[in-house]
Amino acid sequence: MSLQPLTAVNCGSLLQPGCSLLQLDGDIFLFGQKGWPKRSCPTGVFGVRLKHGELKLRPISFSNDSCYLPPLRCPAVTRLEPHDGHPEGYLIHGGRTPNNEISSSLYLLTLDSRGCNRKVTLRCQERELVGEQPGPRYGHTLSMVQSLGKRACVVFGGRSYMPAGERSTENWNSVVDCPPQVFIIDLEFGCCSAHTLPELTDGQSFHLALARDDCVYFLGGHTLSSDSRPPRVFCLRVDLLQGSPLLSCEHRDTGLSITSAIATRVGPSHEYIVLGGYQSETQKRMECSSVVLDDSGISIEPREAPQWTGEISHSHTWFGGSLGGGSALIGVPSEGRPAPPEAHYFYQVCFQKEEGGEGEDGNQGCSQESTDFEDSAPLEDSEELYFGREPHELEDSSEGEGDTYNEEDEEDESQTGYWVKCCLGCQVDPNTWEPYYSTELLRPAMIYCSKGEGGHWVHAQCMELTEGLLVRLSQGNGKYFCLDHGGLPRQEMTPPRQVLPLKRSPMKPQHRKGPMMPKMTPAKKRFFRRLFE
């Protein structure tokens, strides 16, 4: 195992307690913050990139048919494996917004497309539910179970505001544990059913839920009524029978006394490492545990913990999430006088596995409840130039992370389409290429052709563009076409002609008469003068 410190590059304030980390198509996404004020990213979803000890974020755009996904903290999140032609995705239920509003909606988050320059577009759809629906809550869990060829969601626990009849001015923002009911959601039809089991007598929040086949294991959790974290494990078995599901529950007192912990999956089997969390309101849990789910049930064994740093050991709070593959992200608030420039210290914890497969975090634990709902600070704009790209493509670009390109990128660019998508007469050889323009750094300059199937990149050298024209194109927002699409290297918009305003002098009448003055005798003039004096 290893504990590696991370440097948050202009994004330390965007990671707050209560955020969620998701893994889709090999990428990691941060969810749960307000959007990027200076860019067109109101969704609060960011791509996470860890490289050379640096933590970087980039905004993620959504498809046009997506619904609005509010920034939710401490929601219930579970992973959806590909099933019957449906792609992988995540279900997000409930959560608390930065405005202290508690949600009861269910969202489905999937990958929509992956375009040029590894640009990721997500799709978010709100699922309509009918029947006995779970009310607004946060700090609960959402799990997927499979039984008899069917699959369903299991919702349990959480906190919410007091019922409307019990709320007053003094306790308007007071929260209580939700009733200890288990909700089963049929994803195909959106039908919900509520079930009450005698073993579940108290509500609990910020617990862990690990699922395998038709069983869900609830570990730890906090109960507000007794202010306790009992070391217990509930094994919930769900049989998805025709008509109505059948539920049974077993109780064990050999679990973990823990809340707000992180569970990261190790390897392809159902083995998890549980770390982080709290033993009490004022004491963090510094130990780690190995949890294995198999045919015989659940087994919990202590696991050697990393050598925590002084910042982690002396901090009062910490938070984080699973990065997949047996690793986790941990953040602790920075303390001291004078105040450090960064709001948090971040660390990556990696647990080695002999069969080092890329495990997937099947059920992600809820993060610590957040009490800081201030607006997130924006990230700094990149100075990287992308010739001829649309404004929204430039803002969401995954390469806008620095002033230079790093050739030691972890992804093979020969497989990402950088060299293969060009015009038919491309003469650029990646093995013998040399800088052609003075503005190029470590790879040839390219412009984006807007025609074809979704557009494609074309080398500026193949377009026979002069360097002055290349720089001029980089300063505009027009659409450019390659030689194979339209025969023109670019489509320029005619600049508006500056027309000087005409000086219009007032027209003079041909025969202008002076003001009409009545004729008065000298006697009348003297009379009016004395009258007004």
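Think of each number as a place in line: the chain as shown, counted from 1.
Glycine is treated like the rest: Cβ placed from N, Cα and C.
As annotated in TrEMBL, region 'Disordered' covers the listed stretch 500-520 rather than the other ranges in 80-100, 122-142, 500-520. In this structure, Cys426 is the one among the binding-site residues Cys422, Cys426, Cys462, Cys482 with the smallest number of other Cβ atoms inside 10 Å of its Cβ. Fewest other C-beta atoms within 10 Å: among the binding-site residues His456, His459, His485, that description fits His485.
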